[in-house]
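Asks: Annotation source Swiss-Prot lists compositional bias 'Basic and acidic residues' at 281-315. Residues annotated as domain 'Cupin type-1 2' in Swiss-Prot, with sequence analysis given as evidence: 328-477. Taken from Swiss-Prot, the feature region 'IgE-binding' covers 1-15, 57-71, 89-103, 105-119, 145-159, 201-223, 233-247, 257-295, 313-327, 377-399, 481-503 (among others). The annotation region 'Disordered' is assigned in Swiss-Prot to 281-316 (among others). The annotation motif 'NGXEET' is assigned in Swiss-Prot to 315-320. Marked as signal peptide by Swiss-Prot: 1-23.
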Amino acid sequence: MAKPILLSIYLFLIVALFNGCLAQSGGRQQQQFGQCQLNRLDALEPTNRIEAEAGVIESWDPNNQQFQCAGVAVVRRTIEPNGLLLPQYSNAPQLVYIARGRGITGVLFPGCPETFEESQRQSQQGQSREFQQDRHQKIRHFREGDIIAFPAGVAHWSYNDGSNPVVAISLLDTNNNANQLDQNPRNFYLAGNPDDEFRPQGQQEYEQHRRQQQRQQRPGEHGQQQRGLGNNVFSGFDADFLADAFNVDTETARRLQSENDHRRSIVRVEGRQLQVIRPRWSREEQEREERKERERERESESERRQSRRGGRDDNGLEETICTLRLRENIGDPSRADIYTEEAGRISTVNSHTLPVLRWLQLSAERGALYSDALYVPHWNLNAHSVVYALRGRAEVQVVDNFGQTVFDDELREGQLLTIPQNFAVVKRARNEGFEWVSFKTNENAMVSPLAGRTSAIRALPEEVLATAFQIPREDARRLKFNRQESTLVRSRPSRSRSSRSERRAEV
């Protein structure tokens, strides 16, 4: 009788702790004065590259002033077929966009039940009866166009079960209140011997050499000879402690420390595909299940609102944490929120469409501009925007509060551009078109257009426009009503545009 009571108390404490952490993560820390005094923005390429056994990790320098202004860090991972990204957690919440490929991921919420389990007959095939049948927490499928949300401190892993590489762009919101360390992005690995993804390679080699020298200089320290030289969270513990904690022999405990593992953070699964317990779905079945998940989530959200109005608190662990939907596809053209037939489309994901983003305080936008189409001048009301170019090229201009052009250049595939909050921006696709994903530092990032049907100019009275710009009312009326589209428009050929491109090429 005592065990069920203790289990109930434990689950209640886990719920209270986790809900407190999630609630605390709502919001961002105050920026230091002057961090966003940017006179110039740049389209940035990755500055650090790590080649792992089954993939590549590329990161942008988090100390760059643009990332310091936005309070974020960005990493791009390429996972080869049959590649496994080892279990890890980070000090900041993160959004991941799947630019290419498909696979599976597991997210390890503390205290949640292991709802995926193999049958008893299957577990006994080829094994003695003393082994228990395997069970683990839920596994989620992902595909191209998905946004995946990972809360701070929650461990997760990913595996490429397809025939093409998976390319994933991850943004870590280091300025989020959930991060109580410092502004440096930190990944904590549960296995392997990974490199620090945000530290230059030469600096990492120096740090490893320095640690080895320190250990050699202190051979008499208690337990020092039993500690590994790996870089995962088990490496710094005494092997005896680990053996006691897991109730295994010391040799097995030492394997956890991955001292001589040189595969880094993306490893190859040898032989056949990774054997885990999961439903086998076709593409149609997966999309049908996604729709069901969204419907269940809307119903649960409605019930929670009714409960709060009725004065009842929802305290079920499985309802609040374990069944969180962490994924939303914004790459499918049929999912578009804004569509102009000759210009392009935009899809967004925010806390209304993916409620977990309410706690992460992040959202995203996926856009596609057709050849020579224009995303009208606009600004982000309440968020910084980190734009990653997925395909093609675009002319981009960004203007600050002094009316100065801080960026006037081309943004190409694989590059990043940070657009600070309230800075005005315009994008025009080149001949091959332009596709991008924008990570935004607010759960419900809002955009205000400067031209078009829903613009600030359209909302002003004609007389105000005429007086402000010193133009006749007829011209003010044309400013307001000549453009009927809302956001994306088909642009006309411009002689000044071609001459500007020629001047840029000469420079």
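Cβ atoms here come from the backbone N, Cα and C positions, even for glycine.
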Asks: Looking only at the recorded stretches 89-103, 145-159, 233-247, 377-399, which one has the largest tally of CB-CB distances under 8 Å to the region 'IgE-binding' (57-71)?
Replies: 377-399
Asks: Based on DSSP, tally up the residues of the region 'IgE-binding' (57-71) by helix, strand and coil.
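Replies: Output for the region 'IgE-binding' (57-71) reads 6 helix, 3 strand, 6 coil.
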Asks: Of the residues in the region 'IgE-binding' (145-159), how many are helix, strand and coil by DSSP?
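Replies: The composition, in the requested order, is 0 helix, 10 strand, 5 coil.
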Asks: Which residue counts does DSSP yield for the domain 'Cupin type-1 2' (328-477) in the helix, strand and coil classes, in that order?
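Replies: The domain 'Cupin type-1 2' (328-477) comes out at 24 helix, 73 strand, 53 coil.
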